[in-house]
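Residues or ranges marked as compositional bias 'Low complexity' by Swiss-Prot: 544-559, 755-769, 784-801. Per Swiss-Prot, compositional bias 'Polar residues' is recorded for 623-634, 770-783. Here Swiss-Prot flags Cys63-Cys125, Cys169-Cys218 as disulfide bond, drawing on sequence analysis. Residues or ranges marked as domain 'Ig-like C2-type 1' in Swiss-Prot: 42-142. Positions annotated as domain 'Ig-like C2-type 2' by Swiss-Prot: 148-235. Under the heading domain 'Fibronectin type-III 1', Swiss-Prot lists 259-356, citing sequence analysis as support. Annotated domain 'Fibronectin type-III 2' per Swiss-Prot: 358-453, in sequence order. The N-linked glycosylation site annotation in Swiss-Prot covers Asn211, Asn257, Asn371, Asn400, Asn407, Asn691, Asn723, Asn772, Asn793. Marked as phosphoserine by Swiss-Prot: Ser823. According to Swiss-Prot, the feature region 'Disordered' maps to 544-563, 600-634, 726-810. Among the features that Swiss-Prot reports, signal peptide is placed at 1-37, with the record citing sequence analysis.
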Amino acid sequence: MGQGEELRAAVDSGGMGLLGTKCPLPLLLLFIMGGKALDSPPQILVHPQDQLLQGSGPAKMSCRASGQPLPTIRWLLNGQPLSMATPDLHYLQSDGTLLLHRPPTHGRPQDDQNILSAILGVYTCEASNRLGTAVSRGARLSVAVLQEDFRIQPRDTVAVVGESLVLECGPPWGYPKPSVSWWKDGKPLVLQPGKRTVSGDSLMVARAEKNDTGTYMCMATNNAGQRESRAARVSIQESPDHKEHLELLAVRIQLENVTLLNPEPVKGPKPGPAVWLSWKVSGPAAPAQSYTALFRAQRDPRDQGSPWTEVLLDGLLNAKLGGLRWGQDYEFKVRPSSGRARGPDSNVLLLRLPEQVPSAPPQEVTLRPGNGSVFVSWAPPPAENHNGFIRGYQVWSLGNASLPAANWTVVGEQTQLEIAARMPGSYCVQVAAVTGAGAGEPSIPVCLLLEQAMEQSARDPSKHVSWTLEQLRATLKRPEVIASGAVLLWLLLLGIAVCIYRRRKAGVHLGPGLYRYTSEDAILKHRMDHSDSPWLADTWRSTSGSRDLSSSSSLSSRLGVDPRDPLDGRRSLISWDPRSPGVPLLPDTSTFYGSLIAEQTSSPPVRPSPQTPAARRLPPKLTGTSSPWASSDSLCSRRGLCSPRMSLAPAEAWKAKKKQELHQANSSPLLQGSHPMEIWAWELGSRASKNLSQSPGPNTCSPREAPGAVVAWRALGPQLHRNSSELAARPLPPTPLSLRGAPSHDPQSQCVEKLQAPSSDPLPAAPLSVLNSSRPSSPQASFLSVPSPGSSNLSSSSLSSLEEEDQDSVLTPEEVALCLELSDGEETPTNSVSPMPRAPSPPATYGYISIPTSSGLADMGRAGGGVGSEVGNLLCPPRLCPTPTPSEGSLANGWGSASEDNVPSARASLVSSSDGSFLADAHFARALAVAVDSFGFSLEPREADCVFTGMWARPPPLEWT
């Protein structure tokens, strides 16, 4: 049934499927055409190559073909089917390889030639199936034969000096025809034109010389091997009548002309030009009996040492001279001779022979495939056929049906060329030598077939991998494979789309995680561990200064600060890992929660009594500067000791609690003070017309009546990097010159206090001058006094620059309480000098709170000098506070109630205005402490130590006393 009948039957049947359903007609046709596409006509993949029978092993001729159904392979010899009846000569393997065995020989050349002719010839491979037949190209089988016996052996010869010598040699029969070479004394004999030449297979010596004596041997060589003849002994003897030549002095020879006879090169075994010599004889003597021509080639004009070649001339006045080479410069001269006598040489003439094209092609031209190229190599033609100097070679690539013709020129003595092979096919090359006259005779064409990858892999089993790749490529080109791949790809994309859809539908979007704003992570930190944030604890900073309760302007509007807490985009650096309970947390006053959450105390602190004498040793560098101003604000000075009732020294207490120097991002850093202790005291007048005056003496207080003042006591905690012994070893600095004077004898003015340091090794005590007001005033009176006249001169820019200092701390509850108690009437002035002098700057206005500048205080002091009954002694002016934050500005909104002496309403207004939007740093804690101090409330924390314990402890409740 043909293909058309099958299609008709399929259409008539309606495309019934396996399940009895009708399939679409195009799908049925696709399957039918796919099945038919499997059948293909035969195609030769591996062509047979030329083989040479040599040795005892068989020769192999390979032939591979593809097709569906699998084609049948048969071999043809010289166009006739090869008979496989004699397996000893021909054997066909299952894969199509033909084995050719060497037939046995009988020793006679004629019989051997007849036997070998039965297997020698051109072999062709033929592959056929029901779709067609494919024929490979022909491959020639040759047999290399070289018999053992020489037909003519050289014989021993004895020659006389000056005579010619001939050694004959007949090489053995062989195929290919063997070449003959002569050896003398075990070395190749060097041939010289005109002296030693090879004619046929015989060696000819024109004029025998003594150095020609030796052992000569003839050697025959072909592909089958080489054969050596017997050694022949050649002896050169002197003639019996040999005598010295006599000089003919009376004869003179004049060489007149040297003429080239044959301008065209002569093809043959003796190529070379010939010249005609003409000379003239003069002299009284009779003419000479014979003449000899002497010539030599002059390759270099500076070369004068080459030997002369002698040739006997036949004529008496002219003669023909041969044995020359084209393209050489020769020197010629003639010598007369008569028997044993000879005359002087004639003059020398020069003749330049022109170059001719080489008379022989290059030898041993071969082709071999490379990596995408074809390598052509050859050997130069024989020296006698150069006909000049070889200047290069011309290479021709013969064109065919698939490749165009091309040619290349190789310059110099290079004897190989690489030709790029752009496509597979047959490459045939010819090579010719080039001289100054042009290209010579080209060589016979040499061909090379470049096969495709599939053919090479099938012929060479080692390249089976590349052939498999070609098969895979051909398979992937089939339509059914392409259709199946497209369907699989579509299904894969559909599955990926479904997975992505389901994941997006059920997926959980991750939030920003721990990357929060600065204020948010601070609040979250205090919620997680609020034991490190005090609520009106020993980290509160007291504030003092004149307050203006009549103004209602906002602090933020004065300082140009946005009252809102800016939420910057910086990511928090807070570590959320659980912290060790042994590592305490430092107070954070930069946020709302850090300012409101108080640390628990083990016992309520004890307020120091104003009557208690205070003596503290100050470092020497406090007195080394003349500036009375400290480097930080007096209200926010260095932190004092946590509890005056601690049994341990400051450094030991910190070590006992494992207090470490920890710095939290965007939190208050741990302050390292440069002084172990600081005592600040300053007094502010209650009336605008009264100012402070200088003290008459360092140890006396003014007996005059002075307004109520706020005295702030501060004691700096132990430094983390210094032990208590180092701090205790520092001497007490001398009293500043501005504080020295006549001591006062007023008992009420002797207000020197001696404080006991909370350490096992107390510091040496030294008396300090203390001011004692003769007229005590209430806390409200002292704090609600009229602001100082110099408080309006402090600028916010100077305060902003002071805010960058990190050497400030806060007041302890004891200091706040002491400040409140001393404000009634007893004032404890202290002396502290900043290690770094700072220029005076305008005052800063905290809404209703203002601080006088150094210049203002100085003016007040000068003005108060004349009114000694109203002012006290100002030992240490206050330090400037940093620039207020929006929280402090917002605090001013609740100050109006306090100005009307309505304490409950002021507290309510103050607390209600303290929201999280502006309570974001420690400045609000300072301002709130001022407000609490002004109302006269005392703060008693429940725990006196400074170590923050309990990571998840709840914050203590607020206590207002």
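Using N, Cα and C of the backbone, Cβ positions are placed for all residues, glycine too.
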### Query
Helix, strand or coil at Asn211 (N-linked glycosylation site), per DSSP?
helix
### Query
Asn257, Asn371: which of these glycosylation sites has the sparsest Cβ neighbourhood within 10 Å?
Asn371
### Query
For Cys125 (disulfide bond), what residues in its own chain, 6 or more apart in sequence, show a Cβ-Cβ distance under 8 Å?
Ile44, His47, Pro48, Met61, Cys63, Ala65, Ile73, Arg74, Trp75, Leu76, Gly96, Val135, Ser136
### Task
Summarise the model's confidence over the domain 'Ig-like C2-type 1' (42-142) as a mean pLDDT value.
83
### Query
Helix, strand, coil residue numbers for the domain 'Fibronectin type-III 2' (358-453) per DSSP?
4 helix, 50 strand, 42 coil
### Query
Near Asn211 (N-linked glycosylation site), how many other Cβ atoms are within 10 Å of its Cβ?
7
### Message
Counting only residues 6+ away in sequence within the same chain, which have a CB under 8 Å from the CB of Asn407 (N-linked glycosylation site)?
### Response
Gln394, Val395, Trp396, Ser397
### Summary
Rounded to a whole number of Å, the separation of the Cα atoms of Asn257 (N-linked glycosylation site) and Cys169 (disulfide bond) comes to 41
### Protein Cβ atoms within 10 Å of Asn400 (N-linked glycosylation site), excluding its own
13
### Query
With every protein chain in view, how many other Cβ atoms are within 10 Å of the Cβ of Cys218 (disulfide bond)?
26
### Summary
Rounded Cα distance in angstrom between Cys169 (disulfide bond) and Asn400 (N-linked glycosylation site) is 45
### Task
List only the single closest residue to Asn400 (N-linked glycosylation site), chosen from the recorded positions Asn211, Cys218, Asn371 by CA-CA distance.
Asn371
### Summary
Within 10 A of the CB of Cys169 (disulfide bond), the number of other CB atoms across every chain shown is 25
### Query
At the level of the C-alpha atoms, what whole-angstrom distance separates Asn211 (N-linked glycosylation site) and Cys218 (disulfide bond)?
19
### Summary
Spacing of the two Cα atoms, Cys218 (disulfide bond) and Asn371 (N-linked glycosylation site), in whole angstrom, works out to 42
